[in-house]
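**Q** Sharing a structure with you now.
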Amino acid sequence: MASGGGGGNTGAGGGPGMGLSLGLGLGLSLGMSEATSEAEEEAATAEAVGRLATTLWLRLRGWEAVLAAAQRLLVWEKPLHSLVTAAALNGLFWLLSSSSLRPFFLLSVSLLAYFLLDLWQPRFLPDVSASSPEEPHSDSEGAGSGARPHLLSVPELCRYLAESWLTFQIHLQELLQYKRQNPAQFCVRVCSGCAVLAVLGHYVPGIMISYIVLLSILLWPLVVYHELIQRMYTRLEPLLMQLDYSMKAEANALHHKHDKRKRQGKNAPPGGDEPLAETESESEAELAGFSPVVDVKKTALALAITDSELSDEEASILESGGFSVSRATTPQLTDVSEDLDQQSLPSEPEETLSRDLGEGEEGELAPPEDLLGRPQALSRQALDSEEEEEDVAAKETLLRLSSPLHFVNTHFNGAGSPPDGVKCSPGGPVETLSPETVSGGLTALPGTLSPPLCLVGSDPAPSPSILPPVPQDSPQPLPAPEEEEALTTEDFELLDQGELEQLNAELGLEPETPPKPPDAPPLGPDIHSLVQSDQEAQAVAEP
């Protein structure tokens with residue numbers, strides 16, 4: 001019992017799987033059968049087209065020259081011949097339409113002409129075809145037929161005729177099948193079509209309809225062969241687009257005017273309409289005067305140029321960083337050392353000043369702590385031995401100055417103010433730029449002035465640029481860039497030759513000391529000698 005129940009459950013469980021597999025199998029078989037049936041139909045259609053084309057080719061292979069000439073006339077390859085043929089056909093048509101002959105007589109005459117041509121064709125038109133009927137699409141046949149490459153050969157024409165005939169037969173079979181399946185609908189549609197033709201024949205004569213059909217047959221090959229419709233559309237497209245845009249603009253203007261009148265009608269008091277019209281015209285004239293005409297191309301070009309330009313702040317930052325900046329271009333990196341070695345031009349004062357400030361800052365922020373611990377007694381023979389080198393360096397440095405008034409910033413790190421009313425600049429160590437350097441520079445180039453580090457306190461109020469004295473060992477923090485600019489403009493004072501000599505006399509210095517370039521700190525034993533001389537000057541200046 002249990003085993004039987006288990007077998008029953010197994011059969012019940014396998015039922016849905018079996019049904020699904022059967023359904024899938026049936027669907028696949030139906031799909032495959034439909035695909036095979038479509039393939040068979042296509043193969044049968046192609047075979048039927050081939051048979052019919054071969055039959056037509058066998059009948060028309062003797063008329064290849066006539067068919068080629070007819071194609072040339074229909075496509076107007078020779079306009080004069082085509083024009084004469086069209087005039088002859090029109091005259092023949094109107095002659096037959098105006099005659100009292102019956103249509104059956106015309107039909108019989110047409111059939112008689114056909115049979116006579118078929119009978120006399122071998123005598124007047126010899127057979128020039130040499131290919132077999134199994135190969136109606138060979139190239140040798142088209143060449144022998146006399147047809148041009150852009151015209152249809154007889155095999156191609158036969159194939160097109162066969163396809164058209166089979167398509168007509170298929171539509172006719174579908175129509176008959178529709179008649180058998182839906183007789184009522186078929187009757188209604190046929191009756192409506194006949195009624196339309198009756199109305200058309202009542203208003204338009206039959207002879208005119210026939211003439212329109214004849215003209216269509218004569219002119220349609222010309223239109224298709226030369227693509228007249230496409231050429232006409234290509235030439236008329238700009239005019240149509242312009243007309244469309246103008247109509248849209250006029251419609252938008254009318255719509256805007258209508259909405260404006262509605263708003264004015266709602267807001268205006270219940271008075272006459274004439275003042276409203278005058279106000280509207282005046283407002284429109286004013287608005288037209290305040291609305292300029294914007295050229296789209298010029299606006300886009302202006303925006304593109306504005307976006308590519310750099311602001312003044314960006315240009316100054318890039319120039320100070322060693323970049324060659326030009327408007328509406330990308331910055332190009334240049335060699336900073338070459339810019340520093342070249343002579344500064346008068347047209348670039350800001351660049352020269354910023355470079356000098358940077359050099360002064362580097363020299364003043366590095367106090368020679370290792371030199372301060374060394375012995376202070378140094379010989380002056382080393383200074384005498386290097387006088388010639390220092391003179392050459394001083395002359396080269398003074399020649400590189402951009403203007404007669406070359407300022408050196410001296411307000412970064414101060415070492416205390418000396419007594420006797422003499423205020424020293426809060427610069428670094430005094431040996432960086434000593435008064436001997438200033439006096440030597442003045443003797444070397446009288447037209448060039450460099451301010452000394454210590455200024456005579458002639459002003460009653462202390463200058464805000466003077467910082468409180470700090471110890472020599474502790475470095476002074478750097479001020480902000482804004483404070484640097486303000487202090488740079490306020491710390492300098494021009495002194496004449498008499499004040500400089502008085503200052504040298506108070507410090508007890510000799511004016512014959514060789515000059516030292518202001519923008520480069522002294523090297524070697526000169527530093528120790530200058531330190532010793534500065535200490536002696538401070539000892540003499542103390543009370």
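Placed from the backbone N, Cα and C atoms, the Cβ positions cover glycine too.
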**Q** Looking at S311, S316, S354, S529, which residue has the phosphoserine feature per Swiss-Prot?
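**A** Per Swiss-Prot, the residue annotated as phosphoserine is S311.
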**Q** Look up S140, S347 in Swiss-Prot and give me whichever carries the note phosphoserine.
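**A** Per Swiss-Prot, phosphoserine applies to S347.
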**Q** According to Swiss-Prot, which residue among S131, S145, S344 is annotated as phosphoserine?
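**A** Going through S131, S145, S344 one by one, Swiss-Prot flags S344 as phosphoserine.
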**Q** According to Swiss-Prot, phosphothreonine sits on which of T10, T279, T352, T432?
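**A** Cross-referencing T10, T279, T352, T432 with Swiss-Prot, phosphothreonine lands on T279.
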**Q** According to Swiss-Prot, which residue out of S37, S385 bears the annotation phosphoserine?
**A** S385
**Q** Among the residues S129, S281, S326, S533, which does Swiss-Prot list with the feature phosphoserine?
**A** S281
**Q** According to Swiss-Prot, which residue out of S291, S403 bears the annotation phosphoserine?
**A** S291
**Q** Using DSSP, break the compositional bias 'Basic residues' (254-265) down into helix, strand and coil residues and give each count.
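**A** Taking the compositional bias 'Basic residues' (254-265) as a whole: 12 helix, 0 strand, 0 coil.
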